[in-house]
């Protein structure tokens, strides 16, 4: 897919990702009637969240690289060289942010009573550290799975989804456990809080620095696969 196609895919997937999270909550708490304090309801919500992540993993394959998370795009851009990095920072990430903002605006238009998205419940530096640590481990895991480790698409997606869900749960009471600056930006823009120190430090600076650190750490610790190593792994796929 050409670069224009990737940008369009990023925008559309980011829009859809906002809606996916909202629809899961509506399904669990509205249609099925579980209360937000019900442990069973939370388990059901986690189940549908994993299904949602599987759907988006398939959509990423269908769009041949479409993304909805600036951190994933940044990690790929840094690994791909200077031109790829510039294209990611200047074009792809803004497209994902715009898609998220449009998604939130559309959600609020359709469901005016909907919530206001993730909010910081701890000190700024504590929040930035929380989002940064979670991002660091997710980026490392994503790069490891993309390295063509043995296993099917299902297994890789299952591992990635469980890891993201686990870190989301651990950070949900502190920062929302987002690990996606575009999603947070969409909701913060709707609240008029998208240029606050809290938003920029916790949901952008912390995760971005963690992403760059994870990419550097991965390159230092794990040597690139040789052609001989790639061939047997490709066959196992």
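Every residue number used here counts from 1 along the chain in the order it is shown.
Cβ atoms are placed via backbone N, Cα and C, with glycine included.
Automatic, uncurated: that is what TrEMBL annotation is.
Quick look at what TrEMBL lists:
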- 12-31: transmembrane segment (TRANSMEM)
- 43-59: transmembrane segment (TRANSMEM)
- 71-93: transmembrane segment (TRANSMEM)
- 123-146: transmembrane segment (TRANSMEM)
- 201-222: transmembrane segment (TRANSMEM)
Worksheet, complete the sentence: Long-range CB partners for the transmembrane segment (12-31) (under 8 A, at least six residues beyond its ends), listed in sequence order, are 41, 44-45, 48-49, 52, 55-56, 59-60, 63, 66-68, 95-100, 102-104, 106-107, 111, 114-115, 180, 182-183, 186
Worksheet item: For the transmembrane segment (201-222) and the transmembrane segment (43-59), does the number of C-beta pairs under 8 Å, pairs 6 or more apart in sequence, reach 3 or more?
Response: no
